[in-house]
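I have placed the structure first, in the form of structure tokens, so that the comments after it can refer back to it.
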Amino acid sequence: MAGTADFSLKPEVTEYLRSIFLNKEMLAAVGHQEAECRFQKLLTCLSHPPSYTCVRASTHLVPLEEIQRKLHEELKQTREVASVQIVPHPRIADVLLLPVDGPRPVEQLSSEVVVGAQCGSALLRGAHVFAPGIIACPKYMKVGDKVSVFSDLEGRCTRGATSFQGNKVFVGNGVAEMNRSHIFCSDKPLRGVGVRMVDPLYQSPPFDGVLPSLVFLQNLPSVVVGHVLGPQPGERILDMCAAPGGKTCHIAALMRDQGEVVALDRIRNKVERIRQNAQTLHLQSIKAFCFNSVDAVSDDPPQQTEGPPFPPESFDRVLLDAPCSGLGQRPNMACSWSLKEIRSYQPLQRKLFHAAVRLLKRGGVLVYSTCTVTLAENEEQVAWALSTFPCLTLEPQVKTTSTKINTQKNSQEESRLLPFLRSLTSVPRACWEPVCRLSSFVSSRGSDLS
């Protein structure tokens with residue numbers, strides 16, 4: 001996987017993850033050498049994009065085949081993509097997949113532009129360099145110059161620098177669409193593309209503004225979460241930590257926009273983003289509120305209000321896509337968090353669990369998911385929930401073809417999906433290869449809480 005480095009973490013975090021990964025069950029199953037090899041492969045894979053770009057189709061509006069045809073025409077005509085392959089997912093009826101070509105043999109140029117790690121990750125998924133993301137560029141860079149783009153992994157490059165010799169990773173070549181003076185000396189807010197990528201390390205079409213009401217760019221594990229939840233028309237569903245609304249909108253679409261989907265988030269501008277996404281996708285059943293889900297249940301809720309807090313047992317299904325350390329996102333080239341910060345999420349997740357269980361109707365379904373790889377936020381949380389709430393039982397979920405690691409004796413239905421291999425021999429394998437997310441349990445509430 002030449003071209004990008006392994007996931008850059010603080011040493012204390014790397015050792016913490018190694019101790020988690022090289023657990024007794026893993027060592028007993030494959031031995032220390034193979035376990036260490038798999039851990040290193042995990043770090044490498046996390047810094048690379050998935051083998052496929054996943055697009056969720058608005059099949060509540062238009063049949064999948066028609067969306068596939070329109071997307072092919074749009075990418076070919078307006079995005080100037082000479083050849084693009086779009087294939088339906090073989091097992092998920094509202095997903096289209098576009099193969100990612102890379103890493104490609106791209107020759108580095110002498111002129112260098114430096115961007116932040118977050119921008120660099122976006123470039124690996126097909127984006128162009130927007131001007132605010134540029135940290136450094138050549139002293140005399142002008143429109144039309146060919147440049148190589150590098151990602152600053154440690155955030156040490158000084159804005160406005162003309163060069164940078166620190167820890168950086170090459171992500172491809174592009175053509176400058178702005179002069180240096182426009183980027184760093186203008187009094188006006190920076191907008192627009194600063195460098196248009198023409199020879200990226202990973203070739204994937206950009207999706208900004210592409211068929212906005214018909215396709216939604218979403219990671220495959222996030223799509224799986226909605227299907228595991230299994231919402232039905234006419235039900236009342238709660239998405240507890242909903243921003244930016246991708247899963248919320250998917251839930252509403254799976255219900256054919258019949259019923260009610262309540263979306264909560266603590267940050268007001270993120271709630272507005274949920275509403276905008278719902279409007280773009282022509283979904284009327286979503287009600288979004290700015291509210292802390294920890295406090296979303298009340299035995300004495302306010303009268304004559306449709307918003308939170310809600311009385312106990314208000315929802316048929318609850319999605320707790322909890323705030324987490326996010327170490328399973330791909331591509332993720334760098335994380336500057338300390339071990340203390342990584343460990344800070346478990347208490348919050350448990351507070352949210354308490355609210356989620358109280359809000360769930362008897363016989364309802366609760367799905368807990370994260371996008372991280374730590375045991376503390378995944379398997380340990382599920383084991384804790386099962387012991388804390390006797391009304392919950394663990395149910396099997398969708399089968400996959402990826403490597404699984406079950407490290408709790410009472411959580412065999414959990415699936416930890418690891419992206420060990422990029423070389424794929426079949427579409428089904430490719431479809432699951434990107435998954436780094438634990439969609440850890442589907443639970444049924446069958447008795448009163450003690």
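Every residue gets a Cβ built from N, Cα and C, even glycine.
All TrEMBL annotations are machine predictions without curation.
Listed in TrEMBL:
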DOMAIN    140-435  domain 'SAM-dependent MTase RsmB/NOP-type'
BINDING   CYS241, ALA242, ALA243, PRO244, GLY245, GLY246, LYS247, ASP265, ASP321  S-adenosyl-L-methionine binding site
ACT_SITE  CYS371  active site, nucleophile
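Shown in sequence order, ALA263, ARG273, ILE274, ARG275, ASN277, ALA278, ILE286, ALA288 are the residues of the chain, 6+ apart in sequence, with a C-beta less than 8 angstroms from the C-beta of GLY245 (S-adenosyl-L-methionine binding site). In this structure, the C-alpha atom of ASP321 (S-adenosyl-L-methionine binding site) lies 9 angstrom from that of the residue listed as 'active site, nucleophile'. Note: the S-adenosyl-L-methionine site is recorded as CYS241, ALA242, ALA243, PRO244, GLY245, GLY246, LYS247, ASP265, ASP321; in the same chain, ASP239, THR248, ALA263, LYS270, ILE274 also have Cβ atoms within 8 Å of that site's Cβ centroid. For ASP321 (S-adenosyl-L-methionine binding site), the Cβ neighbour count at a 10 Å cut-off comes to 25, with all displayed protein chains included. Secondary structure at ASP321 (S-adenosyl-L-methionine binding site), taken from DSSP and collapsed to helix, strand or coil, is strand. Cα to Cα, ALA243 (S-adenosyl-L-methionine binding site) and the residue listed as 'active site, nucleophile' are separated by 14 Å. Taking all protein chains in view, 23 other C-beta atoms sit within 10 angstroms of the C-beta of ALA243 (S-adenosyl-L-methionine binding site). Sequence-distant contacts of LYS247 (S-adenosyl-L-methionine binding site), defined by Cβ-Cβ distance under 8 angstroms and a gap of at least six in the same chain, are SER222, VAL225, GLY226, ASP239, LEU319, ASP321. Our reading of the S-adenosyl-L-methionine binding annotation (CYS241, ALA242, ALA243, PRO244, GLY245, GLY246, LYS247, ASP265, ASP321) yields a largest Cα to Cα distance of 13 angstrom. Its own atom aside, the Cβ of CYS241 (S-adenosyl-L-methionine binding site) has 22 Cβ atoms within 10 angstroms in the protein chains shown. Rounded to a whole number, the C-alpha distance linking CYS241 (S-adenosyl-L-methionine binding site) with CYS371 (active site, nucleophile) is 13 angstrom.
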